[in-house]
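According to TrEMBL, the features are:
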type: DOMAIN; residues: 33-85; note: domain 'PAC'
type: TRANSMEM; residues: 161-180; note: transmembrane segment
type: TRANSMEM; residues: 186-206; note: transmembrane segment
type: TRANSMEM; residues: 288-312; note: transmembrane segment
type: TRANSMEM; residues: 360-380; note: transmembrane segment
type: TRANSMEM; residues: 392-413; note: transmembrane segment
type: DOMAIN; residues: 492-592; note: domain 'Cyclic nucleotide-binding'
Amino acid sequence: MQKSSTCSFMYGELTDKKTIEKVRQTFDNYESNCFEVLLYKKNRTPVWFYMQIAPIRNEHEKVVLFLCTFKDITLFKQPIEDDSTKGWTKFARLTRALTNSRSVLQQLTPMNKTEVVHKHSRLAEVLQLGSDILPQYKQEAPKTPPHIILHYCAFKTTWDWVILILTFYTAIMVPYNVSFKTKQNNIAWLVLDSVVDVIFLVDIVLNFHTTFVGPGGEVISDPKLIRMNYLKTWFVIDLLSCLPYDIINAFENVDEGISSLFSSLKVVRLLRLGRVARKLDHYLEYGAAVLVLLVCVFGLVAHWLACIWYSIGDYEVIDEVTNTIQIDSWLYQLALSIGTPYRYNTSAGIWEGGPSKDSLYVSSLYFTMTSLTTIGFGNIAPTTDVEKMFSVAMMMVGSLLYATIFGNVTTIFQQMYANTNRYHEMLNNVRDFLKLYQVPKGLSERVMDYIVSTWSMSKGIDTEKVLSICPKDMRADICVHLNRKVFNEHPAFRLASDGCLRALAVEFQTIHCAPGDLIYHAGESVDALCFVVSGSLEVIQDDEVVAILGKGDVFGDIFWKETTLAHACANVRALTYCDLHIIKREALLKVLDFYTAFANSFSRNLTLTCNLRKRGWFSMANVL
């Protein structure tokens with residue numbers, strides 16, 4: 001932070017001059033922008049970075065600092081030809097780049113997957129806390145090739161919902177058309193399904209040109225990587241579900257066996273339900289979505305079973321060997337009850353009559369619904385052995401579905417509103433407290449803002465309560481995971497043993513700060529060491545801002561070198577929503593006294609960004 005944020009000291013011979021000028025103009029004009037820029041390490045190794053710049057303004061609309069983020073995108077850029085790779089093909093250089101960077105990718109992946117501290121929760125949206133909780137930094141869409149579509153753009157979102165609706169249509173109509181043979185003499189169904197097939201084929205083409213989220217949370221826009229990813233995942237299933245089985249089956253000269261085969265293969269289209277799973281897995285954690293999904297599954301299963309039930313009756317009602325009607329079939333009994341009996345046409349040599357297909361489907365669905373819900377009126381009942389066997393299987397499925405769906409409706413509703421009720425109860429208690437003790441308005445607003453923002457970020461989870469449930473060993477492992485950013489980013493912890501890290505992790509605490517919160521007041525005792533994980537803070541001395549602290553900075557006191565508690569020489573105030581990992585003086589000294597080898601390394605390698613004991617001493621802070 002002692003050097004310019006333009007990173008001019010990292011420019012090299014291959015750094016684009018136009019990009020350098022754009023970066024300079026962005027800072028000069030106080031604008032927000034993003035770039036892909038080639039920078040160089042100390043050993044002159046070139047590295048591609050995705051650089052994002054966002055100006056932060058105070059209440060007077062004056063820019064007080066810039067937030068600059070850098071993401072390594074070297075793995076997804078064209079490998080640079082150097083002296084050691086001259087004459088190599090592009091594929092060879094790409095293979096070398098991926099091989100050399102594999103270890104780096106493995107280190108970055110687990111870190112990036114969990115960086116969702118400020119992700120909006122559905123609970124916040126339900127409580128109408130969306131835009132009032134966390135500051136939203138609008139970022140420009142990443143630059144992509146002209147023929148590449150962003151997976152979260154408005155067009156792709158609308159297209160995905162169209163595909164989702166057509167998938168439900170397929171799940172309903174394919175079993176119906178296969179069982180009731182509606183398309184053999186109906187051109188309208190054939191045309192409609194052909195149009196649906198064409199739309200799904202277009203979707204396959206679009207998937208070859210749509211970005212996706214990589215394993216590290218980055219948006220992949222490289223056309224080659226997109227095609228390889230789609231070919232290895234959903235391409236085969238999507239292609240099988242789009243084959244034109246109906247077109248082949250529509251020809252009159254097709255052999256009957258081949259026609260039956262293609263009629264059966266149409267069931268492969270149910271593989272499109274995988275698309276539904278890809279869309280619904282984001283909502284399975286919410287009770288309302290689970291309830292709606294279970295009801296839809298129940299209706300869909302009843303529809304499928306109704307189609308199978310009709311197929312069994314249609315297969316058994318006429319004995320093709322003796323060309324006689326089976327009077328014990330449920331279709332024959334239904335035909336008699338509604339006054340449309342089967343009759344034999346001697347001139348044509350076929351059986352005619354019977355209920356209409358609409359009546360047959362409604363009756364089949366009525367029977368499956370009464371069976372699945374364990375009501376069973378008995379006016380439609382199985383009579384043949386095959387029908388009874390199918391009914392037994394259907395009753396077993398029905399009992400499981402009934403217990404799963406309707407037996408848990410109360411539990412689902414309780415879970416839906418449990419967190420909401422707890423949240424409102426807490427807010428009411430805080431409001432009553434502030435009113436009872438007549439807390440000033442400004443302080444009351446700060447308290448409410450802190451309560452609401454903390455609840456949004458933690459989703460009402462009591463970390464200490466969860467950790468208390470776990471045994472000591474497991475609790476230490478979880479604490480190491482929760483504090484991994486501090487341990488990985490600061491060199492002072494690199495030589496710490498596993499036992500030392502576990503002892504330190506248990507003592508660390510995580511606190512959330514809202515804008516305007518004072519972490520330290522001038523003159524109070526400095527009894528904790530604070531590590532900034534996210535957000536920005538300002539250091540104020542004599543009513544002047546002397547430093548800005550950000551991610552990776554450390555402030556507090558060097559307890560291990562001093563015998564007395566220090567008095568803070570400055571105020572430390574949060575500028576944005578911040579996450580701080582702190583460790584108390586007594587806890588830190590206890591660990592350092594036990595792990596003497598680590599104590600020496602820690603004292604030598606930890607550099608405080610801001611030492612609150614010494615007035616005006618800032619080692620790495622960006623002095624304004």
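Cβ from N, Cα, C; glycine included.
Curation plays no part in TrEMBL annotations; they are all automatic predictions.
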* Asked: Do at least three C-beta pairs under 8 angstroms join the transmembrane segment (392-413) to the transmembrane segment (161-180), pairs 6 or more apart in sequence?
  -> no
* Structure fact -> The recorded stretch from 161-180, 288-312, 360-380 sharing the largest number of CB pairs under 8 A with the transmembrane segment (186-206) is 161-180
* Structure fact -> Sequence-distant residues near the transmembrane segment (360-380) by C-beta distance (under 8 Å, 6 or more away from its ends) are 176, 180, 298, 301-303, 305-307, 309-310, 330-331, 333-334, 337, 391, 394-395, 397-399, 401-402
* Mind checking which residues of the chain, 6+ beyond the ends of the transmembrane segment (288-312), have their Cβ under 8 Å from one of its Cβ atoms? => 171-172, 175-176, 178-180, 280, 360-361, 364-365, 367-369, 372, 386-387, 390, 394, 397, 401, 404-405, 409, 412-413, 416
* When the domain 'Cyclic nucleotide-binding' (492-592) is classified with DSSP, how many of its residues are helical, how many are strand and how many are coil? -> 23 helix, 44 strand, 34 coil
* To do: State the mean pLDDT for the domain 'PAC' (33-85).
  => 77
